[in-house]
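Peer 1: The following block contains the structure, expressed as structure tokens.
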Amino acid sequence: MSFFAPRNKKTEQEAKKSIPWVELYRPKTLDQVSSQESTVQVLKKTLLSNNLPHMLFYGSPGTGKTSTILALSRELFGPQLMKSRVLELNASDERGISIIREKVKSFAKTTVTNKVDGYPCPPFKIIILDEADSMTQDAQAALRRTMESYARITRFCLICNYMTRIIDPLSSRCSKYRFKPLDNENMVKRLEFIAADQAVSMEPGVVNALVECSGGDMRKAITFLQSAANLHQGTPITISSVEELAGAVPYNIIRSLLDTAYTKNVSNIETLSRDVAAEGYSTGIILSQLHDVLLKEETLSSPVKYKIFMKLSEVDKRLNDGADETLQLLDLLSSISVVC
């Protein structure tokens, strides 16, 4: 076939396969947003009144912050006006003072007139600043002035993981909405729906492993599911595949680390620490998983757990400062053997 010959358009099914599942199953309406009932209820009332304030969405990653404001914008303006009425800047965009003064300001000051039947189309635009907590304080200060100057025709939605990193003059001008981590039940239902829709077969316990490895981050869980489905291509997804894709340490290794520490045999502790490090497992991830297992360890008293968790935090701090991972794991296990 000639290079310049006309190509057949992708079928709807082929186009669907090429879209990342995170985007394919992103909520399109506020009703589809899961586990954020109070926030959705308040936003629905603003739809009826057309009186939308500046907003600050904060909470853990993958809880639906960006999806919620996009769904709200879609219900306000409809798909036709989304491009002209909504400006989204995320972490991949430069958001220094120059961008705030030029791109954001030029979009904010343009007036709006056109409407679409069937949608409220209030007389303002929406500017979405994703991961606003990564903006410099100077850029945030410049944004404050822009928010004040164009409040009549523009609404801002700041999205962040940590509200404390937003300067007070900016956060005080916004209505704040906390997005809580998704509960396991809703995550399981959504993942099972996606797996059924994509005709993906899974071994028992895989969905729970996805929830566990993602730590309440729905976006991460869906990405792991798609990666595992691509890896297996028709064969059932296994728990070990999910753990490997997520970079998680298998439970039997975590259990072995604790059991060896309980024996108080220094030689065995040193050997196992070196073996685990040689396997390439991240000590930071091991700390996180040890913490979760120790929380449920019924054989340990609260004072003992307290001492271990204090040591965990100390080792975590050293790792962040660049300390050797093998030595830190050895130090942690030795400390556990002493206090138990």
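Glycine is treated like the rest: Cβ placed from N, Cα and C.
Straight out of Swiss-Prot:
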type    : residues                               : note
BINDING : G59, S60, P61, G62, T63, G64, K65, T66 : ATP binding site
Peer 1: Might you list, by sequence position, any residue in that chain lying six or more from P61 (ATP binding site) with a Cβ less than 8 Å away from its Cβ?
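Peer 2: Long-range Cβ contacts: N161, D217, R219, K220.
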Peer 1: Using other CB atoms within 10 angstroms as the count, which residue among the binding-site residues G59, G62, G64 scores least?
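Peer 2: Comparing Cβ neighbour counts within 10 Å for the binding-site residues G59, G62, G64 gives G59.
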Peer 1: Give the sequence-ordered set of same-chain residues, not counting G59, S60, P61, G62, T63, G64, K65, T66, with Cβ within 8 Å of the centre of the Cβ atoms defining the ATP site.
Peer 2: N161, F179, D217, M218, R219
Peer 1: Quick check on the binding-site residues S60, T63: which one has the highest count of other Cβ atoms within 10 Å of its Cβ?
Peer 2: T63
Peer 1: Going by a 10 angstroms cut-off between Cβ atoms, which of the binding-site residues K65, T66 has the sparsest surroundings?
Peer 2: T66
